[in-house]
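Visitor: From TrEMBL, here are the annotated features:
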type     : residues : note
TRANSMEM : 41-69    : transmembrane segment
TRANSMEM : 89-106   : transmembrane segment
TRANSMEM : 113-133  : transmembrane segment
TRANSMEM : 153-172  : transmembrane segment
TRANSMEM : 198-220  : transmembrane segment
TRANSMEM : 226-246  : transmembrane segment
TRANSMEM : 344-366  : transmembrane segment
TRANSMEM : 386-405  : transmembrane segment
TRANSMEM : 426-446  : transmembrane segment
TRANSMEM : 466-485  : transmembrane segment
TRANSMEM : 506-530  : transmembrane segment
TRANSMEM : 550-572  : transmembrane segment
């Protein structure tokens, strides 16, 4: 029998050189995926380039949107900032929509293709609207020449365009990361290492795409060449979509598993109905499900774990349970899905405060830089361009971590096949974020000492060079490699097989909530710190405030968050899957996938 099983495991689909993947993935026809002809780095590289080009296109619009609203659309600073905040928040809300459709109904390939097409339509529409209606008269839209008024139809077209961009990018972003990871078989020794590496390279591609937008495109748009910048974004978005479609024959797929919200609610309702039912301490009477093949469609059953025992009542069979009524009786694996999400939430909540630190790069770091000496040998350095040091730091630390730190830690631990776990890396990210805030506070302390207190405006009012900001940008970049890349790996690996895109969406919503918490924190600090003799810690003129105290406050809050994170990480129990049966490599049930 053992020989027979080995023969089945090694059996080839068409010839001796062919081998099926072990994880249950399928090709575009819904047939079991052949390892040599699907997925791996051919598909992975296409998706990485796709991500870089799509990010370039998105930030080509988003990085200077507030300037476009003020200089071209004629809005004041407060109205423009508010509209950008609404637009950015909408992007992250749509990320949840994309993740839901991907995991539940459409599958990851179809979701990526549809939302990318919407994204392209939005960028092209914005380019045409700007060229035909908005950037009039010709040459307007720079710092000195605001554009004239616009008709109602042109304003409507503008908002339709940017919200199409928000819808397309939001729905695409959480899905593409998971779809890229799908191209590597985590049950295969070599491909499993490639899958881990993919998340690092994915984040690198995202940063490299934004680097071009923040520098080259940002420069042209700042000079009023909006149409050129938007058409460059449109060309990048179109090229990204074309590259994505080119890889269609080589992609690996997993079949969507249906609505996760209904499965979640079924467990809660069933457990609530049976809240008086007694259960044994052993848990051996729990319903395991009937007529279900293990690891069907690549989705593994989740093994029973202790904790949240109240939910286990949903799997206790009673005389009142009807046949095939999921609102009265749920399988153990379905209950474990709910437990898994509940266990992930505390970890996710601890990442929100890190995102508050991360968002300072786009706001207070820029304002701080504007109040420093921004000229070197007569050349003006835009304060926003200092974020390039963050991107370069991300690229450098991804290389350092993967090539130096990870192998070194693995050798020191000896018992571990790889270095730091995802939870450990996220903890390191929080520590480095604390260091970044301390560094920013120290720089601000010395900036205030060298500032001209009598200057009516804080722009260039300090003799301290803007290059003293480099350490805080570098530290933020290093922390991203540990925190955000660790998040991508952790939420993707620990989410149930049917909720992988939801795991990626958690990362995006963490950044979104970080923006909102940052705004709330600034408002609270200003209200408390403003007195008759002092205009608060973060006034319009930074020379009259104490931005350094705000940075130190963030460092203290992040330190407290780190302590809470340690408790949550220690409490967290890793999800345990039933091992896939490799004998199912010829599973005909996977032939229903439609892409």
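Backbone N, Cα and C atoms are what each Cβ position is placed from, and that goes for glycine too.
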Visitor: Could you check if the transmembrane segment (550-572) is in contact with the transmembrane segment (344-366), meaning 3+ Cβ pairs under 8 Å among residue pairs at least 6 apart in sequence?
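Guide: Yes, the transmembrane segment (550-572) and the transmembrane segment (344-366) are in contact.
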Visitor: Counting Cβ pairs under 8 Å that sit 6 or more residues apart, are there three or more between the transmembrane segment (153-172) and the transmembrane segment (198-220)?
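Guide: Not in contact, no.
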Visitor: Considering only the recorded stretches 344-366, 466-485, 506-530, state which has the highest number of Cβ pairs under 8 Å to the transmembrane segment (198-220).
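Guide: So the stretch in question is 466-485.
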Visitor: Have the transmembrane segment (466-485) and the transmembrane segment (386-405) got at least three CB pairs under 8 Å, pairs 6 or more apart in sequence?
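Guide: Contact criterion met.
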Visitor: With pairs 6 or more apart in sequence, are the transmembrane segment (344-366) and the transmembrane segment (89-106) linked by at least 3 Cβ pairs under 8 Å?
Guide: no
Visitor: In terms of Cβ proximity under 8 Å, which residues at least six beyond the ends of the transmembrane segment (89-106) contact it?
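Guide: Hits for the transmembrane segment (89-106): 114-115, 163, 166-167, 169-175, 178, 256-261, 498-502, 504-505, 508-509, 511-512, 515-516.
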